[in-house]
Every structure is written in structure tokens, then in C-alpha cells.
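Okay, so here's the structure we're looking at.
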């Protein structure tokens, strides 16, 4: 039974030599059943020499007995490692891990401490660094007022998992809408990694090299933009000294940049932003030395358009003195300026101008008490107001022979008298307004090429051309020409060269941030297309008419596709153009769109509606119009009264719908048209 153990014991030479004082049975018993000992901290080689009085103890068993006694008397009971309690760390060692969380900046948002703890403790990002970019013009892709956190993930999988968990935590805890650039979904990442492993196995089996080029799984960099985490509590006063587009950002944004270790060393994002911060600090110091009393200004505006759910070219761009297209010196603005410009030095001759104009029978100026600031405006504004009140023929006479004519008419003499005391910017703007009026009135002495040159002169010099004035330039360029102004012109049409000039102006407006996708612009385009010669249709009147209808159809389809914002005044003008060119379906579509967009119909809308049908002369359309929309006038949120010009237009439509309406009403007819006629008659008698 214990044969193997006995064989091992008897094979030893020392075991065979038993001391004479020990019996053979004792030797067998110790060899077969060895003495059990507990572990001791004393080395097994350490033993004490036996005393002379212990000669009765066998030499072979004496060290074992002594070691056992020492272990029980001198050492504590052994505790396994998995039951041992760890000694408490020193306070310095406890705070060492907390030192990896960066310090909070001044005026941090409330979410920032919790976000740093979550990123460091729960997600496990290393080497965290916080960069406060709220004093910089950050790229629009990040948004304004950014606090950036940079961290390192341990692997590609950790990178994706960290970004995914961070987005879910921001959504569930703070109800934010973060987006992560470069993040793959959980299932998508698993599928791509599985496919990559399969390709590697197939390559190893076939003995070919596996191409480890960029497979689109990850770039080693994920940018988590949490968006606006805190709105600015104090609302700042708006400044109108700059121009541009979009809205001024007021909230603080937090962006978390997560890298793998290799990608972070390659990009070195901290150094790039630190250089930008250093440049900004040097610029502030330079400005403070030039003008110590002037406060530092920060202009930070975001894109978007329409924007995006989160704000969506690039970098801290210096403001060039010229625009990309015309070399325009420009600032940023958030509000429109009026068309009229302030002619400060023109106030010197304001009273003389009024006396000269007051002697005319047309009475160019009205006698009102004006303040000093208004006097600076009224001399030039009064001239253009007087011009706008004249008919086209009279206006062309007042404008003289052309831009080189300075004194042939009283209007030109007064105009150039005001220009003589104006600044260079005021002169350029005034000439541009003069060209717009002349081209719109189809004056043969003023060319559209000259109008475009005047506009280019203003933009290249960096003068402030308001959006309204720029749109007036586009409208003038798209207006029809008179016959005979040049050899290739056709009466009542807009040549392709004029259309190209208008598109250049629209392109400039778009580049400087003006919204050109609106009903006002499409109304001008629609009118120009309707009177433009067809370049795609073959010869012949019918073919040309078919080509124009096709072009108009494309414009209306584009309007429907873009779903333009509804502006009542612009929509009324566009509806007028649609109806006048026979596009009745799109007219009614736009007519019904107003209340759906929260725009109530007014008396001006109904006046336009009934006047258009009365001028059209279509009996069926007139009958449908009065039968449907006269009752609707009383059902509007603000009921439309039957009075004034509206009443006259309704009576015209009624007479067109039923030529015998007067006789039927006198005979006591009870038809709807007769009742409408009687109601109109009663309103007129009151």
C-alpha cells in the first residue's frame, strides 16, 4: 500500500542507519508516518546544538522537535494572501491619483466637475488635459466659448467604448444631444473587427501578406461635442458695429477629444491650441499697449446653418481687408442697416437745399421740425423721395442725359451740390443709389455695366452696402431694358449678360453671409425668367413661349423644393408674379400657405386677390373667387371689413362673374352673388 513511500525511505542510506538507542519499530513509524509540521518563519536550516543532558533524544528527531516548538512560540498564525487586509495608503499616495484630474478654469460650467470625474474614474481616460478656449474665435465646427478636454484611451476598443459611454451618459444624465465624430456604433465595430480578423486568417492560410492599411475602423481619434452645456446668465448688450450672419453664441460648450496614445503624439493637439492661446494673449497685450483704456472685445459667432442639431471654416482666421470676390473690407453684423446713409457734412447745405427745392411746384420737401441728426439725412433722402414720386417719364427727364451730366436739371444740380461736401464713402453709396433708380426707370443713359461697376467700387473700397441696397441692385440688373439702348438688346427682355451680373452680386451677398434663398430673390428671378429670351428653344414664337414656360416651371419647382421661409410682403409680390404669368396652381398653393405658417391674411391680401381676378377677365375664375373668399373674409381671425378699394374690386369681380347681377339684385334674387352685391351696395350707402 505504501510501497512507493517505503521504497523511497529505504533507498536513503541515512534511513538504514538507525541509532542504537532507537528501536527498529520507531524508525519504521517515523518513515511511514512523518511528523506533520506547520509552516514556520524560521529557516529549516537553522537548528540549535543539543545540550549534553539531551543525549537520550535521538539525533534524527531532535531538530524537527525544536523547529516545531520555535514556530509555535515565536511566530503568529499564517494568514493567506487573499485574506490579508491591505495597509491604509498614506495621504500623499491617495491624492496622487487625483492630481491627474486637471484643475477647473475660472467660472466653470456646473457640469464640468462631474464630467471630469466621470471621464477619469468611470471611463478611465489617462493624461487628462483641460484647455480653456473661451477667449478665442474657435472654429465653427466646434462652436464658440469652448472648453476642451483631451484624454488618452488604452486601445482602439477602449476608445470606441469610452466615446459611446460618454455620449449615453450625457444624454441620460443631462438631457444633452452630443455627437461624436469618428465613432462607430457597437454592432458596426464588432462586424468590422470580425471581418478584419477573417481576412487576416484567410491571408495566413494562403501564405500572402495581410495588408494592414486604413480599413475605416478607426482613426485613433474621436471628438465628442456635448454642445451648449450652460447658457450665459448675463445677457450682453448687442453691438451693431459689425456685420455678418448667424446669431451670437451665448452659452459654454464642452468638447472631449479622445485619442489613442500613438494618435495623440502624432496630432499634438495641446501644442496647437497652446500656440493659438499664446498668439491671442500677445495680441491682447499689443492692443492694450496701443490703447490702454479700450476694453478687449471678443467676437464669437456660430454657423449654421440652421444650424445643425449641434453646431457645425475653420480655425482662428484673421480678417482680411478684402472679400474673396470683390476685395471688400468687411466687418460682422447681426442687423440690417437702412438704405439711407448718413451724410454728415451734407448738413451744412441742408437749409439752402430746402429753400431751392421749396421753390419748385413739385414741393420736394415738407416743412417739419427736424432735429440736427435728421437734417444730416433729409437733404439726400428728400431728393430720392422726390424722384420715387415721379412717373417713369418724368424721372428719366430729371436724371438728365447720363452719369456725366451734373447740371442739366435742378435735381442733378442739388444732388452734386450735396456730394461736394460728402465723404468718399457717402459719394460712392449715393452714386450707387442713383444708378439703381435710373436703371429701374429704364433710363437709356445709365447702363447696367455702369451699375455693376458702381457696386464693385463700393465693395472693393470696403464701404458698407446694406442688404436692402444690394437687393435693389439685383432687382435693377434684372429689370427689362428699353429697345434701342444697344444693338443686341430686345425690348422688354433681360439679356443673359444682365443675368450674369445679377448672379455675381448674389454670389457676393452669399459669400458675406446674407441669406439669398428667400422669396424676394426668387420673385426677381421668376420675373426675369418670364421676360427673358429662351436660349434653348428653337426658332419660332410658339417654341420660345414653350421654352419660357419650361423655365418658369423649373423655378416654381425649385421654390417648392426649398420650402422657403414665409414672409408676407415677399409672398404677396411672388403671388402677384405667379398670377400675372398664368401659374394659378402655384398662386393658390402660396395663398393657402400663409395661415399654415402663422401669417394672417390682411385687407391688402384680399385687395390683391380680387383685383387680379377682376383684371384677368375670366368669368369662371371670378365666380369661384367671390363665391369662396367673400365668406372667408368674415371668418378670418381678424375679420376683413368691406370698405374702400377692396369694396370696389369686389364689385368688379361680381359684375364679371355675372354681367346681369344688377338686374337680378333689383328683382330680388336670392342667389349668393345677388346677396353679395346687396351687401356691397349697403356698405357703399353708409
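Along the chain as shown, the residues are counted starting at 1.
For all residues, glycine too, the Cβ spot is worked out from N, Cα and C.
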With Swiss-Prot as the source, which of 48-77, 78-107 is set down as region 'Disordered'?
48-77
For the feature region 'Disordered' as recorded in Swiss-Prot, pick the matching range from 331-351, 352-372, 373-393.
352-372
Listed range which Swiss-Prot flags as region 'Disordered', given the options 280-319, 400-439, 440-479:
280-319
